Amino acid sequence: MAQPQAKNQQNSPSGQNQQQYHSPSLKGSTARVITGGAIIVMGVFEILWAIVLLAVPLDIYYAYCTADYIGWGIWGGVFAIVTGSFGIASRRQRCMVIVYMILAIIASVIAGGGLISSAVAADCVYRRLPKNDIYYTSSYFEYVNLMHQLNTHVAFYILLAATFVIQSLAAIIGASFTCVAVCPESNNQPQQVMAKEAGKKLN
């Protein structure tokens, strides 16, 4: 008689509750953690590229070509870090999944705007590169210094645009993997099964 009691204890709702308490993370958590981490890394790079663009001076003739006064890379990078943090936190908490979905969509839109801004600025500066040293008549040193500044801005605008592309893709992929955790039919519902078993025992 002792053996059936042991089996009943193993199959009891309390035992199943203990197993479900240690259940694995929500579906799609690996993809959300990976995309969240990628968004954080891209956000850090965006801040670094923006700081370089702000630190390297530029001749006033090219001022209207630049978009670094907006600080798109800085505040966009900060928002990306916040978004990626919620993506990592959404591994086991369903409420974080919804927040991550909303922030990821906004982050992808911000990345799209940053991509356009960086691409336009890079093209504007590149088209106005002096073709020879005759363009800058005051001194050859000033010409070399100007070329260094312009090439630096073009290079880092391209890097900033590429970073925004990766951030946008990671945010879109991360947002797409939130449905598998939010939609009820995508997750196992052991509580309903336990309720049925308890009902059978009561009957």
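Cβ atoms are placed via backbone N, Cα and C, with glycine included.
Features as listed in TrEMBL:
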{"type": "REGION", "residues": "1-23", "note": "region 'Disordered'"}
{"type": "COMPBIAS", "residues": "8-20", "note": "compositional bias 'Low complexity'"}
{"type": "TRANSMEM", "residues": "33-57", "note": "transmembrane segment"}
{"type": "TRANSMEM", "residues": "69-90", "note": "transmembrane segment"}
{"type": "TRANSMEM", "residues": "97-122", "note": "transmembrane segment"}
{"type": "TRANSMEM", "residues": "154-183", "note": "transmembrane segment"}
* Structure fact -> Listed stretches 33-57, 69-90, 154-183 vs the transmembrane segment (97-122), most Cβ pairs under 8 Å: range 154-183
* Distal contacts, the transmembrane segment (33-57) - CB-CB under 8 A, six or more residues away -> 66, 68, 71-74, 76-81, 83-88, 90-91, 100, 104, 107, 114, 149, 152-153, 156-157, 159-160, 163-164, 166-167, 170-171, 173-174, 177
* **Other parts of the chain folded back onto the transmembrane segment (154-183), taken as Cβ under 8 Å at six or more residues beyond its ends** => 26-29, 31-32, 35-36, 38-39, 42-43, 45-46, 49-50, 52-53, 56, 73, 76, 80, 83, 87, 90, 94, 97-98, 100-101, 104-105, 107-108, 111-112, 114-115, 118-119, 121-122, 125-126, 129
